[in-house]
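To keep things clear, I will list the structure first and then write my remarks on it.
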């Protein structure tokens, strides 16, 4: 048996990624030199650290259950071991001794009962339920009258999976599960003009899935392998694909990777150009509406505007003092960026300083989004607040405090001024590690609905194109569809892995979701 520090570090790194601690994972990866190890991450299955810990725990429990002569105790352990208990020798020895004493007591009781039975063989049998119960106590593991199991239990801090109402549950016939990725799928996005779904994964590939009705009944996939040049050859980068975005006419797909490169692909899967100027992983990238520029944010503390036609960097913006986490265009040449430095900068192509800087968050700013009119900027943070900013003032317009844990992402509804649904009020959705989604009336600065069916952190929210529905995805493996006016749950689907991303197609009749177990699912919401 051999265990190297590189192997341990890699499993810890993957655990941090899979658990949503992306910033911690990045920092740990740098300090432990993960990128310099020779471990092929695409071959390591999801949840590998948990799996090996469970096996180790089972080994310790088996060790407790074996006699000194090698024979196995006949019975179950008194109580399931926790992971912390298993690494404490005193606890293990105490459990082992208690187990032996309990078995000795059971054997003594059995012998006494046998003797008593022999002595009273001619007595009348007990007829009352209480007496019968006393004579036949439930064995460890059998159910008692009230349905509770006899004996002690391991404590589970997670709630049981919520029962899904049959009226809202999406049947398997309406769910298509797309398999092919060999690692967790961090992101997915529909083509804006056709039913092509793009996905990005930890297996160093993006994929384009054809879900159009005329695609021969099934779904075909194009594999977009992210390679780097080594010794004159293209070799897999073995780095996560963590961001992707279609241009507005659906002809090109941009991807961002932990290998530090952004790439542009055609819709038929051919690599059009590679954009290389970041010094480290890319956390976010976005096309502008016109389709001539791509914007990227990197761990190197910079943001870059790229010329989509030539692949050249038009301008690099080095204003953050820590990794840049998200970017969003206000118009075709002006954008906002946020960072772990707690600041938000608004920058413009051609300007060598930010045109505006917003300060007020007291922890990392995870996401930023301009409203459809480009007048208001929303931001969310690990400080548990959601803030609304205007270019007309320095202080935030609203400081919305209701979540009890970090807010991971936010989305504006496609309603109100400057949208195709101008007669509907604009809303803002926020998704948090407190397992809730909140819908906000931004004009009044109040929470309209708190959506509480999820049992684990919520990583993604997305509005339907008409703004009438909101999809949410959580690490509890569930995708929920909500009515935005009433706040009621209208559809629900339980997948096979924690949900990292949800997205709607352009018609608003399909929802895509990407998961931690490598699956991508498509939910057909047509009647």
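Keep in mind that glycine also has a Cβ here, set from the backbone N, Cα and C atoms.
Marked as N-acetylserine by Swiss-Prot on the basis of similarity to another entry: 2. If you look up Swiss-Prot, you'll see 41-86 marked as domain 'F-box-like'. The N6-acetyllysine annotation in Swiss-Prot covers 102, and the record cites similarity to another entry as its basis. Residues or ranges marked as repeat 'WD 1' in Swiss-Prot: 180-219. Annotation source Swiss-Prot lists repeat 'WD 2' at 236-275. Annotation source Swiss-Prot lists repeat 'WD 3' at 277-316. Residues annotated as repeat 'WD 4' in Swiss-Prot: 319-359. As annotated by Swiss-Prot, repeat 'WD 5' applies to 360-399. Swiss-Prot lists 402-450 with the feature repeat 'WD 6'. Per Swiss-Prot, the feature repeat 'WD 7' maps to 453-492. Here Swiss-Prot flags 494-526 as repeat 'WD 8'.
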Worksheet item: Reported in the order helix, strand, coil, what are the DSSP residue counts of the repeat 'WD 3' (277-316)?
Response: 0 helix, 21 strand, 19 coil
Response to the item:
Using a 10 Å radius on the Cβ of the residue listed as 'N-acetylserine', the other Cβ atoms enclosed count 4
Item to complete: Count the CB pairs under 8 A between the repeat 'WD 1' (180-219) and each of 236-275, 277-316, 319-359, 453-492, 494-526, then give me the winner.
Response: 494-526
Fill in: Long-range Cβ neighbours of the repeat 'WD 3' (277-316) (under 8 Å; 6 or more residues past either end)
22, 26, 239-240, 242-249, 252, 254-262, 264, 322-329, 331-333, 335, 337, 339, 341, 347, 349-350
Worksheet item: Short question: which residues 6 or more past the ends of the repeat 'WD 8' (494-526) have a Cβ under 8 Å from it?
Response: 18, 46-47, 161, 164, 170, 174-179, 181-195, 197, 199-201, 203, 207, 209, 211, 219, 456, 459-466, 469, 471-479, 481
Discussion item. Looking only at the repeat 'WD 4' (319-359), how are its residues distributed among DSSP helix, strand and coil?
Written reply: 0 helix, 22 strand, 19 coil
Worksheet, complete the sentence: Over the repeat 'WD 3' (277-316) the mean pLDDT stands at 98
